[in-house]
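As recorded in Swiss-Prot, the features of this protein are as follows:
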- 16-36: transmembrane segment (TRANSMEM)
- 21-107: repeat 'Solcar 1' (REPEAT)
- 79-99: transmembrane segment (TRANSMEM)
- 117-218: repeat 'Solcar 2' (REPEAT)
- 123-143: transmembrane segment (TRANSMEM)
- 193-213: transmembrane segment (TRANSMEM)
- 225-319: repeat 'Solcar 3' (REPEAT)
- 231-251: transmembrane segment (TRANSMEM)
- 292-312: transmembrane segment (TRANSMEM)
Amino acid sequence: MGSSQGSTLSADVMSLVDTLPVLAKTLIAGGAAGAIAKTAVAPLERIKILLQTRTNDFKTLGVSQSLKKVLQFDGPLGFYKGNGASVIRIIPYAALHYMTYEVYRDWILEKNLPLGSGPIVDLVAGSAAGGTAVLCTYPLDLARTKLAYQVSDTRQSLRGGANGFYRQPTYSGIKEVLAMAYKEGGPRGLYRGIGPTLIGILPYAGLKFYIYEELKRHVPEEHQNSVRMHLPCGALAGLFGQTITYPLDVVRRQMQVENLQPMTSEGNNKRYKNTFDGLNTIVRTQGWKQLFAGLSINYIKIVPSVAIGFTVYESMKSWMRIPPRERSKPA
């Protein structure tokens, strides 16, 4: 009887899924892919942020020592500090990213733009989709970074600064971060660091889809839906895309946590005027190697993250019976 009820419930769910428009199914598939992939690598993401922002007591540590220090200061749950904001952000971000990629790709092909029908279409559609998703969800990324930047050791609350002691602001959750950012800078405060983010996401998102789709084209048709195909193709796509754009990610993170840093000699904590000033200042004051701080852990993180993301997305598309692109494009 239990088996019969389970079968009925499963059939009801699939009947409901079948009534959804293709774009709605794509949104759900993308959101699920983003949430699962992001949570799987959350501990590594937090360590990367601490290394990128040169957080006190983490400046000279490697990956393994940083993991031990987070465990010492914040306990096991410390590895997931900021992950709530990250997941809340990544669900709409990934949903929009994958969905708008499909929309932009179909639109380019439908309008017969002079891009052909090969991988260049994936590059352009992926870049446009990445920019769209970032603009819609950036404040949540800002909140995630500020929460992940905090370390709960009491020695971190008071730090020697240029003007005596500087008390680092602390946040209880996403709502407080966003409220404080808006209070300090208005709407622009919610988008602090958006410049390097957009400059970085356009090539990264484009390259990610470009490389993934290009690799898929070399896979035999009978293996196109195989998990063993999605994992390595997604991993390589993420690896190449992140390497090229990583310095911009470092600038973004440092701009996002500026208000948590000690005051400068000018009496403020705004260190960078814009993206390129940030790149130049980091090289001049922190050394060029800081532009790649946390890159090793990012390699460890991005390979499973992108691989899991593409794999879950493709699996969800198959489960939800989303038709292949050739059949789903407008006539």
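Backbone N, Cα and C define each Cβ position, glycine as well.
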How about the transmembrane segment (79-99) and the transmembrane segment (16-36): at least 3 CB pairs under 8 Å, pairs 6 or more apart in sequence, or not?
yes
Taking a Cβ cut-off under 8 Å, which residues six or more beyond the ends of the transmembrane segment (231-251) line up next to it in the same chain?
52, 193, 196-197, 199-201, 203-205, 207-212, 215-216, 219, 272, 275, 278-279, 282, 290-295, 298-299, 302-311
Using DSSP, tally how many residues of the repeat 'Solcar 2' (117-218) sit in helix, strand and coil.
74 helix, 8 strand, 20 coil
Along the repeat 'Solcar 3' (225-319), what average pLDDT does this model show?
80
Counted with DSSP (H/G/I as helix, E/B as strand, rest coil), the repeat 'Solcar 3' (225-319) has 75 helix, 0 strand, 20 coil
